[in-house]
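Please read the structure below before turning to the comments.
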Amino acid sequence: MPISSCFEKPAVQIATAILIPNLGGWISGIQTKKQIKGWYETLVLPKCRPPNWVFPIAWTSLYTTMGYASYIVWKQGHGFDGPAHFPLILYGAQLALNFAWTPIFFVKHELKWSFVEIIALTATAAATGISFYKIDKTAGLLFVPYLAWLSFASYLNHSIWKNNTPAIEDKKPEAVKEK
């Protein structure tokens, strides 16, 4: 059986759609793991932050559901030749933004820019979910837990940024502070 005919089987298509976001997530996880024991443990973290073991479970679940949602949209919207074209481009864009967040936060330690990035990610993911919903309601609804998690992650990112950045007042020159 030629390899191209393997990709015509729904089970292979679903597995591929699920594997793509998870693979990116696992690569991101490798970058994250290297930073947890050093830099990350020195940060002032919000009290509501879940323990570290929650994150890989949450992300694997979310990547799996979004991958499956992309399969549904690809199938119901006739791939890139049909109405799924733009929603799938949005999906790819939000995946790229998702994978970009980890190096910005964990490798570059850019708390402010990682917050800006996660806001762009959340907006793009919301647009993706809405566009998926227009193709298939289930696919759109599968994005709801992801959007809830991104909202929480945005809150965490913002809190970490603010808790670990000196107050603006502390950065002003003495002459400005006295006025």
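Indices start at 1 and increase along the chain as displayed.
From the backbone N, Cα and C atoms, a Cβ is placed for every residue, glycine too.
As written in TrEMBL, here are the features:
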- 12-32: transmembrane segment (TRANSMEM)
- 53-74: transmembrane segment (TRANSMEM)
- 86-107: transmembrane segment (TRANSMEM)
- 114-133: transmembrane segment (TRANSMEM)
- 139-156: transmembrane segment (TRANSMEM)
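Beyond the transmembrane segment (12-32), the same-chain residues lying 6 or more positions past its ends with a Cβ under 8 Å from any Cβ of the stretch are 6, 55-56, 59-60, 63-64, 66-68, 70-71, 74-75, 95, 98-99, 101-103, 106-107. Outside the transmembrane segment (114-133) by six or more residues, the chain places 69-70, 72-73, 86-87, 90-91, 93-94, 97-98, 100-101, 104-105, 139-144, 146-147, 150-151, 153-154, 157-158, 161 with a CB less than 8 A from a CB of the stretch.
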